[in-house]
C-alpha cells in the first residue's frame, strides 16, 4: 500500500497558502490598502469553499450521518480532517488484517505487441485511500486555478504598481506558483488515469520532472504576460480575460449541443436535473479557469459518462499552443508599444524575448514528455511529432492553396487587358498587310 504522500503535499500547500494570504491581507489592512485586502481575501476564501464542497461531494458526506465532519468542513477545516483520516487508515491497515477484499483486473503496458492482464487484491483500506487521493487531486486542481492563479496575478500586479517586492509578498507568490504547478501536475496524472483506466500505470520520476518544468514555464510566462499587458492597458486586459474565459466555458456546451447527446443523468443518483446542471457548470467553470493559464490535460466532454474525453487529440493541442503563443506575442507587442516610464529602467526587448523563449521552453518540455516520458506512450496510435508535422503540412497546404487562388485571380484580372492588346495588335497587323497588298497591286 502506497503512502498517501499526495494528500500530505496538497494539505501543506493548502494550509500554507491560506495562512500566507491571511497574513498578507492583514498587512494590507494595516497599510490602508482596503482594495488589495478585499481582493486577496476573496481569492483566498472562495476557492476554500469550493474545495470543501468537492471533498464533501466526492466522499458523499451529505447522505451519511457525519455531522462533526460536516461542521469541520463549514469551518474550512475539511482538508485537515481528511488528511488525518487518510493517515489513520494507512497506519492502521498494516496492523489489522481485512476480512473482505475485492479483485481488480488491470492490463500491463504492451511488451513486444502483447499485453498481459493481471489480477490484484484491493482491500477496503486501500479503496478508501484511493478515494482520498482522488478527492485531494481534484481539490488541488480547484485550489490551483480558481484561487492560486488569480492570487499570483493579483500580487504580481500589485508589485508592479507599488514598484516594490516585499518579503511576505514574494513568499506568497512562490507558494501560489508551486500550488498552480502542482495542481496542473495532478490534472495531468488524473487525466492519464481516467483515459487509461484499464491499464496498470506507473509514472516515473522523469515524467514528473518533465511535467513540472513544462507547467512551470508555461504558467509563469502566461501570468507575467497578462500582468505586463494589464499594467499599461488596464481596461483591455479585462476584455482579453473575459473573451478567453467565456470561449473556454461555452466550448464544451457547444460541442455537447452539436452532438445531440442526451443530458447526463448518472453523475450522482441523489442529484436532480438542476443539481446536475449546477455541477456541470462548475466543471466547465473550472475547465475555463485552467485553460486561461495553461493547456488542460483533462478535456471536458459532457456526452461522455466520465465527463472527460478519452481520445488523444493532438490537433486540438497544437492549435491551442500556436494560438496561445501568437496571443502572448501580440500582448507583449502592445505592452512594448504602450509601456510607461516605469519600464525605462527595464530592458524591454530583452524581457520580451525572455518571455517568448520561456513559453517555448514550456512547449519543449511538453514535447519531451509526450514523446519520451509519457507512461502510456506505447498505446499512442501516432506520436506527437507526427501529429505536429501533419498539422504543419495542412497549414502549409492551406497557405499554398491561398497563394495559388490569389495568383489565378490576378491572372484573371489581367487577361481581358491582354486579349484587348492582342486584338489591337492583330488589327494593326491586318491593316499593314492590306496596305502592302494594295501598294503591290498598284505598282503592278
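Each residue, glycine too, has its Cβ placed from N, Cα and C.
Automatic, uncurated: that is what TrEMBL annotation is.
Here's what TrEMBL has on this protein:
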SIGNAL    1-20  signal peptide
TRANSMEM  35-58  transmembrane segment
TRANSMEM  167-185  transmembrane segment
TRANSMEM  206-229  transmembrane segment
TRANSMEM  235-258  transmembrane segment
TRANSMEM  278-298  transmembrane segment
TRANSMEM  318-338  transmembrane segment
TRANSMEM  350-372  transmembrane segment
REGION    416-444  region 'Disordered'
COMPBIAS  421-444  compositional bias 'Polar residues'
Query raised in the report: Going through 167-185, 206-229, 278-298, 318-338 one by one, which has the most CB pairs that fall under 8 Å from the transmembrane segment (235-258)?
Result: 278-298
Query raised in the report: Going through 35-58, 167-185, 206-229, 318-338 one by one, which has the most CB pairs that fall under 8 Å from the transmembrane segment (278-298)?
Result: 206-229
Query - Long-range environment of the transmembrane segment (318-338) - Cβ separation under 8 angstroms, sequence gap at least 6 - result: 221-222, 225-226, 228-229, 231-233, 236, 240, 291, 295, 348-349, 352, 355-356, 359-360, 363, 366, 387-388, 391
